[in-house]
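Down below is the structure, laid out as structure tokens.
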Amino acid sequence: MGIFDPVKGFGVTFGMMFKKVATEEYPEIGAPAAPRYHGRHQLNRHPDGLEKCVGCELCAWACPADAIFVEGGDNTEEERYSPGERYGADYQINYLRCIGCGLCVEACPTRSLTMINFYELADDNRQDLIWTKEDLLAPLLPGMEQPPHPMRLGDNEQDYYVGGPALARGRGVPEQETVETDTEEAVR
Amino acid sequence: MTVAPEFSDVDVPEGYVKLTVDGEEVVAPKGELLIRTAERLGTVIPRFCDHPLLDPAGACRQCLVEVEMNGRAMPKPQASCTMTVADGMVVKTQVTSEVADKAQQGVMELLLINHPLDCPICDKGGECPLQNQAMAHGRTDSRFVDKKRTFPKPLPISSQVLLDRERCVLCQRCTRFSDQIAGDPFIELLERGSHQQIGTAETADVLDAASHTSSGQPFQSYFSGNTIQICPVGALTSSQYRFRSRPFDLVSTPSVCEHCSSGCAERTDFRRGKVMRKLAGEDPDVNEEWICDKGRFAFRYAAAEQRIRRPLVRSAETGELEEVSWTEALRAAADGLVKARDGKGAGVLPGGRVTLEDAYSYGKFARMALRTHDVDHRARAHSDEELDFLASRVVSDGGPAGGGVTFADLEAAPVALCVAFEPEEESPAVFLRLRKGARAGDVKVVHIGQWASPAVDKTFGELLACPPGGEADAVEGIAEHAPDLDEALRADGAVVLVGERAAEVPGLPTALHHLAERTGARLAWIPRRAGERGAVEAGTLPTLLPGGRPVADADARAEVERHWGLEAGTLPAEPGRDVTGMLNAIVTRDLGGLLVGGVDLDDLPDPALARKAFDAAEFVVSLELLPSTVTPYADVVLPIAPVDEKGGTFVNWEGRRRPFTVTLDGTGALTDCRVLDTLGVEMDTDLFTQTPDAALGDLDRLGAPKGTGAAKGTSGALSAPKGTLGALNAPKVPLGAPTAPPTPGSGQALLATWRQLVDDGSLQIDEPALAGTARRVVARMSRATADGLGDHVTVSTGRGSVTLPVEITDMPDGVVWLPGNAPDAKLRATLGAGHGAVVDIAGGDR
């Protein structure tokens with residue numbers, strides 16, 4: 001061990017002081033995930049606010065961890081939550097079980113279920129980690145209204161699936177505003 | 001060089017042919033369809049329209065195969081579901097033939113052209129033959145790029161069945177079922193070409209109108225649920241099960257229907273502790289693959305909000321029922337029953353919906369804990385004559401193994417005489433068998449009743465009309481007035497089916513007994529409730545001990561005493577009182593307490609007497625699922641398990657045991673036999689019926705009466721001379737004699753009535769969709785009787801009145817028919833009268 005070794009050690013320390021800091025101040029400042037990080041799920045909406053989920057349970061079927069529970073319901077003319085006949089009456093994801101694999105997102109036939117990059121899924125009790133439909137539904141963007149309400153963008157669900165975003169523009173949503181709830185802007 | 005198949009090696013028995021399927025030589029019975037022959041070899045040919053219990057149709061063309069006859073190939077692929085086997089035929093399925101495979105793929109592509117592919121929202125998704133076979137035998141891509149044909153959907157063709165015409169592949173299973181099996185052809189193929197669709201007369205009109213418009217004549221059939229089950233796509237769905245769950249959510253348990261006495265096999269599907277649906281199970285001996293809508297759709301009573309889940313005891317201070325612990329409730333019940341027993345005595349009314357095990361426990365409880373024969377499960381009209389009839393003709397008939405009438409016998413009988421029995425309303429599985437036999441031309445069905453009900457038409461039957469109460473005379477008069485029927489009844493295999501209504505007709509059981517003795521026709525008693533036959537076997541009657549042992553027989557009593565570990569002479573030698581006897585005894589203060597199972601006071605012959613008696617009773621213990629008419633009078637209410645939450649055995653009308661296991665496990669609900677066992681222990685009596693298995697084991701160890709086993713085993717048909725039976729089992733000839741029905745005066749009529757399948761029964765609560773398929777509630781009478789009454793008739797007795805619309809029907813004059821327990825016409829409750837009573841009729845206003 002040489003006589004200058006202790007000083008050399010401090011040299012490394014001092015040297016680091018002038019380099020870029022890699023440490024992230026979490027949770028005080030926060031740490032955004034990569035833009036395409038798969039965090040928690042979100043149930044998206046059509047541009048008029050109706051839910052995209054049809055309660056088909058394909059996500060629950062695909063889930064390897066049995067984390068999803070869905071129960072379908074019957075839309076009526078008086079009480080409509082989604083275009084078409086069927087909507088998801090009960091939707092629960094158990095984040096104690098979810099392994100974030102994203103198979104549910106792949107299974108979703110209406111692109112209702114997507115993942116956003118929110119990842120703070122920790123809690124001190126089990127009950128609060130079962131997220132229900134209210135927690136998972138995307139926020140209402142401009143031009144959307146809280147269901148139940150009648151179909152605003154067409155006469156049947158075909159109109160929604162074929163030309164939903166374009167029809168929403170017709171209803172006065174400005175060009176630069178998004179009508180998709182599953183983009184990153186929507187998360188912000 | 002290929003070697004020619006060697007045909008000479010295999011022997012072909014008479015009635016069989018030899019053919020080659022996929023290069024494999026096979027011997028098949030003549031007349032077998034190719035699709036079944038291939039199936040026996042393990043090759044599943046895709047199909048939609050083919051169903052083993054329906055006539056072949058060749059409608060969907062999915063089952064195409066290549067066929068070669070006499071060395072010459074047929075020019076085009078053939079439908080294997082309509083072609084029967086022939087000698088020397090060479091068949092190539094999709095396994096070996098590219099032509100067949102390509103043809104099947106082409107058909108699948110065609111079927112899918114207008115299919116909406118909305119599997120994610122379709123109830124059939126996950127258990128859909130179209131889905132599965134498209135995956136197995138279809139192309140991966142569709143070449144169809146144009147706009148699909150659409151229809152408004154869903155279209156309710158009844159309150160229970162929803163039609164989605166876009167999904168339909170026009171296989172016609174539903175129309176063929178309705179036409180052939182059920183006989184209710186309300187749906188048909190309509191239109192032509194790409195507009196061809198399934199529908200009713202009225203759905204055709206709403207082709208372009210909005211959905212959810214249904215009125216007029218709906219698809220009104222008691223069997224419509226079967227069309228949902230056999231639909232190979234999601235075109236017919238159930239409004240009750242709509243969007244409730246997916247096949248992979250469901251846990252399925254085989255079960256037995258708890259409604260009528262046919263004991264149909266069912267499959268119960270549940271999710272997270274809740275029954276979601278029931279499907280028909282497969283049992284060729286009993287229900288084949290069909291069940292009625294009541295069995296399929298009426299099950300939510302067990303999950304009703306008002307269900308009693310905790311024991312209740314009437315508080316001394318407030319006089320109200322209050323929830324208490326099991327220990328407290330059992331203590332209170334035991335104390336009260338001991339006091340009643342040691343005072344004037346206590347009786348037991350188990351009701352007709354008990355399992356064999358529970359019935360045995362009620363009977364044993366009455367005899368051991370209450371030391372009485374006052375036990376009677378007949379919560380309906382009853383008579384002493386019926387009691388003798390049950391003891392002599394029913395309990396001893398040996399069941400299917402001992403030569404009793406079976407479902408298969410119904411199908412093969414030369415003549416089936418239905419007396420005081422409405423097969424479609426009271427036991428739909430029996431109706432389907434009768435219709436099947438009659439449709440094949442084997443069975444001649446004769447009904448003795450009041451009017452030609454739909455069941456008479458649909459069994460191609462003949463009606464011998466008689467006034468209500470005159471059935472006994474009609475049966476006695478067969479030899480004189482219908483010699484051809486009398487002759488037919490002497491033929492081998494002839495059967496006489498008698499319903500529970502026989503108890504209301506004085507002399508009818510005797511007349512039937514004489515008829516059977518005279519002609520040799522076999523008798524079958526077909527009660528309406530699932531537990532009645534089992535309860536007779538288990539001895540919950542005032543004159544019968546378990547196994548059909550007569551109470552009056554000292555040896556029989558001694559045998560039961562030994563088995564139950566009682567001291568000799570403990571069982572009273574005198575028979576007990578029947579239901580009415582018990583109720584009268586309470587009113588006259590000769591009986592103190594009652595232990596009541598699933599009994600509705602409004603089912604009893606005299607609801608007013610019943611209410612008076614229950615009011616006067618010192619102590620009433622009620623074992624119930626739901627609050628009932630007994631609950632207001634009960635001092636202790638003990639909750640028991642519905643069939644979904646317990647195991648047990650129903651004995652169907654044949655005498656066949658129909659065991660079932662627990663569907664919803666771990667709900668904590670207790671069976672009747674368990675509750676009675678614990679209650680017995682509280683009263684210092686061990687019943688050994690803690691579980692259904694223990695109770696059944698105990699009953700089986702007691703077995704058949706000694707000395708009659710051999711006779712029962714060999715006697716076969718009921719018509720065997722009764723002298724060959726041991727003295728223990730010697731039947732008493734029923735005592736009653738036919739009496740002429742009372743003659744109605746002016747402004748009066750004789751009341752004819754029976755209960756309809758879908759009505760206001762307590763097991764049909766919370767089922768609005770099922771209730772929507774009930775028959776229209778009307779009063780029926782002949783034109784002469786209805787003369788001057790107007791559109792509505794008010795039928796009244798001293799107790800009350802019922803007003804219903806009149807429907808003119810071809811029936812005897814001076815007779816009015818009313819449904820027994822319809823929502824607007826609860827006859828027993830309002831009129832206090834039953835079949836054969838004299839009632840006042842007058843024009844009514846609505």
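Any Cβ shown, glycine's included, is placed from N, Cα and C.
Keep in mind the model is a prediction, meaning the values are calculated, not measured.
Among the ranges A:64-88, A:164-188, the stretch that TrEMBL annotates as region 'Disordered' is A:164-188.
Cβ neighbours within 10 Å of A:C104 ([4Fe-4S] cluster 2 binding site), excluding its own Cβ and spanning all shown chains: 24.
The separation of A:C101 ([4Fe-4S] cluster 2 binding site) from A:C108 ([4Fe-4S] cluster 1 binding site), Cα to Cα, is 14 Å. It is A:C53 that, of the binding-site residues A:C53, A:C98, A:C101, has its Cβ surrounded by the most other Cβ atoms within 10 Å.
Ranked by Cα separation from A:C59 ([4Fe-4S] cluster 1 binding site), the binding-site residues A:C98, A:C101, A:C104 are led by A:C104. Note: the Cα of A:C101 ([4Fe-4S] cluster 2 binding site) and the Cα of A:C53 ([4Fe-4S] cluster 1 binding site) are spaced 20 Å from each other. Beyond the domain '4Fe-4S ferredoxin-type' (A:89-118), the same-chain residues lying 6 or more positions past its ends with a Cβ under 8 Å from any Cβ of the stretch are 32-44, 51-56, 58-73, 126, 129-133, 136, 161, 182, 184, 187. Cβ-based crowding with a 10 Å cutoff singles out A:C56 as the top-ranked of the binding-site residues A:C56, A:C63, A:C108. Checking the binding-site residues A:C56, A:C63, A:C101 against chain B with a Cβ-Cβ cut-off of under 8 Å leaves A:C56.
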